[in-house]
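A.B. asks: Annotated active site per TrEMBL: D22, in sequence order. Among the features that TrEMBL reports, Mg(2+) binding site is placed at D22, E209. Taken from TrEMBL, the feature substrate binding site covers 23-27, R35, H39, 67-69, W71, R73, R190, 196-198. The active site, proton acceptor feature in TrEMBL is assigned to N70.
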Amino acid sequence: MPATAATDEQSRLPRHVAIIMDGNGRWAEQRGKFRVSGHKAGVKSVRAAVSFGYRLGLEALTLFAFSSENWRRPQDEVSALMSLFIAVLGSEVRKLHRNNIRLRIIGDRSAFAPHLQRKIDDAERLTANNTGLTLNIAANYGGRWDITQAARALAERVADGSLSPADIDEAALHQQIQLSDLPAVDLLIRTGGEQRISNFLLWQLAYAELYFTPVLWPDFGEEAFSDAIAAFVGRERRFGCTGAQIRELLEHKAGADNE
Ligand code: IPE
Ligand code: IPE
Ligand code: MG
């Protein structure tokens with residue numbers, strides 16, 4: 001049977017997408033509202049992105065929710081973000097579980113309040129054996145922190161005699177880096193128009209395609225996500241493919257899944 005355009009495109013789809021969800025504050029300010037209402041509006045985009053990634057058949061979706069530098073924001077914004085994080089964990093985990101999604105939180109969780117740490121542990125434990133999409137939420141995450149904790153883990157093994165310094169190579173360090181058990185990040189999307197990494201995944205982005213869009217995170221829906229995927233497919237294959245074609249592919253997949 002000849003390969004159709006749809007199956008051809010499908011083989012070029014990313015397996016792992018990471019997103020820097022930026023622009024919530026500006027979205028709110030443009031509407032004359034407090035920044036926190038932009039963060040609240042961003043939750044809807046998180047749901048839409050997870051649903052889209054799931055239907056697209058991604059193996060992993062990694063979302064930057066709170067950076068190790070975001071503690072520098074005004075205290076009331078940090079508190080509001082923490083409360084939102086706790087509320088969303090509480091309200092969404094069961095739904096994720098029902099959809100066979102495995103949830104992981106990456107970052108230095110020791111800075112979080114004990115009850116939040118417990119909620120994170122419970123959510124990870126509940127969903128640990130799910131085999132659908134792996135959803136990684138980066139919270140108090142920094143790319144430099146990640147590489148540092150990996151170096152420390154190797155140093156501890158050298159200290160206890162189970163590893164020789166001569167055996168420290170890229171593969172050994174890689175094993176200690178967050179997400180090392182998942183496919184490499186194929187595509188990084190940053191919303192909100194800035195063109196920088198902001199200390200997100202550093203090691204993991206070595207070969208990722210980078211895609212920057214001016215769309216603010218609360219406005220980032222299925223259409224904007226499919227445009228990003230289309231850009232990725234186009235770059236990889238060196239021919240233009242439109243967002244509409246990616247949406248068509250999704251419909252095609254949904255039809256095939258229901259057969
Ligand atoms: C991203 O939106 C969300 C977090 C960093 C938590 P911002 O809050 O950075 O929004 P802008 O960049 O100020 O518009
Ligand atoms: C990056 O956005 C962090 C998250 C999206 C969680 P920021 O808005 O904090 O990054 P900078 O300050 O523009 O580099
Ligand atoms: Mg920002």
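Placement of Cβ uses the backbone N, Cα and C atoms for every residue, glycine included.
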A.B. asks: Quick one: which of the recorded positions (D22, H39, W71, R190) have their CB closer than 6 Å to ligand 3?
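C.D. replies: Only D22 meet the Cβ criterion.
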A.B. asks: Considering only the recorded positions D22, W27, H39, W71, I197, E209, which possess a Cβ situated under 6 angstroms from at least one atom of ligand 2?
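C.D. replies: Checking each Cβ against ligand 2, the ones under 6 Å are D22.
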A.B. asks: What is the separation, in Å, between the Cα atoms of W27 (substrate binding site) and E209 (Mg(2+) binding site)?
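C.D. replies: The Cα atom of W27 (substrate binding site) is 26 Å away from the Cα atom of E209 (Mg(2+) binding site).
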A.B. asks: Could you measure between R190 (substrate binding site) and the residue listed as 'active site, proton acceptor' for me? Cα positions, answer in whole angstrom.
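C.D. replies: Just about 16 Å between their Cα atoms.
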A.B. asks: Anything from the recorded positions D22, S68, I197 with its Cβ under 6 A from ligand 1? List those in sequence order.
C.D. replies: D22
A.B. asks: Taking DSSP as the reference, which of helix, strand or coil describes W71 (substrate binding site)?
C.D. replies: helix
